[in-house]
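What follows is a set of notes on a single structure, which appears directly below.
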């Protein structure tokens, strides 16, 4: 993103502004990534796959309902109840001190905080109507400016050098280009075009898809309660965000 920013101009950070760019980098930069990745040190994949995206979507919805005074239909209220129920099921193992993950509550707390950071990023994008590429460039460059000096100071580049080249390239493509640039641009553009509440729908696909991908990739098979909770939370997210509204409206018209 540095070539784009050099052409757009550093004076106002590509039109974003240094103050706004700094806030965006705080919400979606290294702190956000650290919260999510650190959570997996304590909690299983299934917890992170549900808690962080569900928190981001649920809080965005609640802010729309109670702060922005958006109307709440019965079907969306039911969806919210399903979502909360699913989250409660997933979190119940960690709250109860599961033997296989006795410190899962720490990871769950980190996932929850990560979700709140994403809410802040979403609301800032919507309120300021920031260009998607400019927002992504601001987050990427300011994040690098904060992290790279720490790596140099701590001499952690040597640890990267001993890793297999294939693993480094995989992380560069997946985390750097994929999650760090393309996904961020796509989400920022969705917020710009659809608004915060509708764009918040996209995290709803994370829980089930992550659980399914995690089985062959990591070999981590979720327990039955966690699987049920993940499915229930995903269903609740979809219902609460109005995915079923077109189906229900078409049935009403036919009747």
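Along the chain as shown, residues are numbered 1 onward.
Note that Cβ sites are derived from N, Cα and C of the backbone, with glycine treated the same way.
Per TrEMBL, the features are as follows:
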{"type": "DOMAIN", "residues": "1-90", "note": "domain 'EamA'"}
{"type": "DOMAIN", "residues": "106-240", "note": "domain 'EamA'"}
{"type": "TRANSMEM", "residues": "21-43", "note": "transmembrane segment"}
{"type": "TRANSMEM", "residues": "49-67", "note": "transmembrane segment"}
{"type": "TRANSMEM", "residues": "74-91", "note": "transmembrane segment"}
{"type": "TRANSMEM", "residues": "103-125", "note": "transmembrane segment"}
{"type": "TRANSMEM", "residues": "132-153", "note": "transmembrane segment"}
{"type": "TRANSMEM", "residues": "168-188", "note": "transmembrane segment"}
{"type": "TRANSMEM", "residues": "195-215", "note": "transmembrane segment"}
{"type": "TRANSMEM", "residues": "227-248", "note": "transmembrane segment"}
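Cβ atoms under 8 Å from those of the transmembrane segment (49-67) belong to residues 36, 39, 76, 80, 83-84, 86-87, 90-91, 108, 111-112, 114-116, 118-119, 122-123, 196-197, 200-201, 203-204, 206-207, 210-211, 214, 229-230, 233-234, 237, 240-241 of the same chain, restricted to positions at least 6 beyond its ends. Remark: the transmembrane segment (103-125) makes no contact with the transmembrane segment (227-248), by the rule of 3 or more CB pairs under 8 A. Panel annotation: around the transmembrane segment (21-43), residues 13, 52, 94, 101, 103-111, 113-114, 117-118, 120-121, 124-125, 130, 135, 138-139, 142-143, 146-147, 184 of the same chain, lying at least six beyond its termini, place a Cβ under 8 Å from a Cβ of the stretch.
Long-range contacts of the transmembrane segment (227-248) within the same chain, counting only residues at least 6 positions beyond its ends with a Cβ under 8 Å from a Cβ of the stretch, are 46, 49-50, 54, 57-58, 61, 75-90, 92, 197-198, 200-201, 203-205, 207-208, 211. Restricting the average to the domain 'EamA' (106-240) gives a pLDDT of 83. The DSSP breakdown of the domain 'EamA' (106-240), given as helix, strand and coil counts, is 119 helix, 0 strand, 16 coil.
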